[in-house]
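Sequence annotations record features per position, and here Swiss-Prot assigns L-serine binding site to THR231, ALA232, GLU233, GLU284, SER383 based on sequence analysis. The feature ATP binding site is assigned by Swiss-Prot to ARG261, SER262, GLU263, GLU348, ILE349, SER350, SER351.
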Amino acid sequence: MLSIKFINDNRDYVRKALENRNFDVSVFDTLLSYLDKRGAAMHDAQIKRSELSKLSRQIGSFKDDKAKMNELKLQAANLKKDVVELEKNADEFDQKAYEIIISIPNISLDSVPVGKDENDNQVINTHDNLGRKLVSNVLPHYEIGNKLDIFDFERAVKLSGSRFVVFKGAGAKLARALQNFMLDLHTANGYKEYSVPVLVKPEILFGTGQLPKFKDDLFFMEQTNMYLIPTAEVPLTNLYNNEIIDLSQPVRLTGFTECFRSEAGSGGKDMKGIIRSHQFKKVELVKITSEEDWEFEFKQMLEQAKLVLEELELPYRELQLCTGDLGFSSRTTVDLEVWLPSELKYREISSVSYMGDFQARRAMIRYRDDNNEVKFTHTMNGSGLAIDRLIAAILENYQNSDGTVSIPKKLIPYFGSDKIAY
């Protein structure tokens, strides 16, 4: 959430930044109108209060002149009514302004390329890490998975409908191996592991920016007034909701959760396989830092997410998102996309995003600086990584000509064998 002071002090800058993010600037202009009216009402109320204070002092000097005293008392009563009315108006404009402010996305860093949509994203680097030769005619992950009997889509439909998957046998084992491998990798590099609830209160999703704007993308449990989390970013960041925390060292968190998304608006995209499911597995990385530390910590988080792909020897690329493709809460985002040879294209497997103090303002996460001044923290998060898509990438990039799938070397100790066979 942007601060009112920042908006008022940088109106032209914010307007242009929102325009670059494809935000309807007429809504922003309405916000400015409400802020101006709120400011005017508060200013007028202050003038009336000053007049009332002056009048109250005068009343005492007319004790012997009841007519004059009554006249002044009447004026004072009218001034009080004016103050109450002006303060009421200010509160109404303040509420209207707030309702718009919580719908306004974050302001991108000046270094983020201006663009309309995903077509304007910029490739930073491409990493051809695969230490083996691909077989010809690579089967899609869902076909090789069915042949190896590690998925059961039919029974998933029976249980829950479309966009769900049952992992079984070596498939379930591979998912568990990846989870443990990534958590070990992250905790060895300074992240503290957490196991968190997947059901959270509405105010928790507000804190990280999913509510109210993305309500339709979430699964709501009406009987409990709670939501299933779309990512562990939500509970991990909000562990410190409404707290003043010690930031003598940056807070570094990791955790595995099931994640849930309604995929509203995705239409018929990716109906086959495990690329886009209502429920999926993911290991998340979250950091809470000071403003001074964010850049170093962001670069380190990106390297940590990349390390998973490097260790698994999977080909991938880094993509700097443009202004028009940034997430709601993000100031800058680098996507990591893994190569899927059956599709001859890269697929997102991680988004590493820096949020500034945008989420901290919504969630009221604060710290004391060296001068004991209370400030909002800065937050960042990234997938570390999405397990279902990792499985798809391994099944395609590690296929063998005999129909088996090799296991990446670093994963073998976790999986217990070097391949998945019939």
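Every residue, even glycine, has its Cβ placed from backbone N, Cα and C.
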For SER350 (ATP binding site), the three-state class that DSSP assigns: strand
Largest CA-to-CA spread of L-serine binders THR231, ALA232, GLU233, GLU284, SER383, angstrom: 9
Extent of the ATP binding site in Å [max Cα distance among ARG261, SER262, GLU263, GLU348, ILE349, SER350, SER351]: 19
Fewest-neighbour residue among binding-site residues, criterion Cβ within 10 Å, set THR231, SER350, SER383: THR231
GLU263 (ATP binding site): tally of other CB atoms within 10 A of its CB: 14
GLU348 (ATP binding site), number of other Cβ atoms within 10 Å: 15
Check: same-chain CB within 8 A of L-serine site center, minus THR231, ALA232, GLU233, GLU284, SER383: VAL234, LEU236, GLY255, THR257, CYS259, LYS282, VAL283, LEU285, VAL286, ASN381, GLY382, GLY384
